[in-house]
Amino acid sequence: MPASLIDGREISALRRAELKQRVLYHVEQGQRAPGLAVVLIGNDPASVIYVSNKRKACEEVGITSHSYDLPAETTQEKLIELINELNQSDKIDGILIQLPLPKHINERTIIEYIKPEKDVDGFHPYNLGRLAQRNPFLRPCTPLGIMNLLHHYELNVKRKHAVVIGASNIVGRPMSLELLLAGATVTICHKFTQQLQKFVEIADFLIVATGKMDVIATDWLREHQVVIDVGMHRLPDGSIRGDIDFKKAVEKVAWITPVPGGVGPMTIVTLLENTMMSAARLRE
């Protein structure tokens, strides 16, 4: 029997509609719409698409998107100068620096220059530290989006074994913290993990964020599992797939996210929700 689908498009549409009403209410009360600064350095094709999608999503819910498209040769000093201006601006509630950055710019340094209360990506060490200490405020968008998906479908991770494949700062590490916060027993696997198959086979929840296709063999999967595929890869024919072979996996597990249409839409709506949350906090 095929797996049940975890539909990120449907759930994100519901959350966007709710967020749109919240923004409208605040505007009708005489407050300005939340403002999100979206900074793109260079013209990497994937980044251009991601930024365009984020700007369109802002427009859809009534959040004001402020665009800053900078040339690839922009210096780190110039970028820091812009961030400082955005940190001080009363019109900006959230700052998003589209990653990856050009090689001559230190990503960690740039993230640390963003005010934690405007860090709507949730990457600042302060915000990650709050999550680690079980007192989160602005949380990384993809992991929180995944948790919201699981909550909607009443897929409870408490007392379950969750295995996270991938240990990046953007997904894997904060994902493990979110799962711990929700009461799961968590195993993190990465490029140095030996006997990966063993960990995959005993997972109740499997979150795959390797950035590579087919690291997880389909025959390792089990029929009771909930599989969250964070990967996104464009194939030569123009189609998109995840880290896992969906057509095979959907026949083996209990629940699975499609790619596209699973995690991606939830990441974007969570970014918008973080911007709304930041705006509310800054008005206090």
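Just so you know, glycine gets a Cβ as well, placed from its N, Cα and C.
As recorded in Swiss-Prot, the features of this protein are as follows:
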- GLY166, ALA167, SER168: NADP(+) binding site (BINDING)
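Positions of the features from Swiss-Prot, shown on the structure.
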| residue | record | contacts (Cβ under 8 Å, 6+ apart) |
| --- | --- | --- |
| GLY166 | NADP(+) binding site | GLY172, CYS189, HIS190, ILE207, VAL208, ALA209, THR210, GLY211, VAL230 |
| ALA167 | NADP(+) binding site | ARG173, ILE188, CYS189, HIS190 |
| SER168 | NADP(+) binding site | ALA209, GLY211 |
NADP(+) site, defined by GLY166, ALA167, SER168: further same-chain residues with Cβ within 8 Å of the Cβ centre: VAL164, ILE165, ASN169, ILE170, VAL171, GLY172, ARG173, ILE188, HIS190, ALA209, THR210
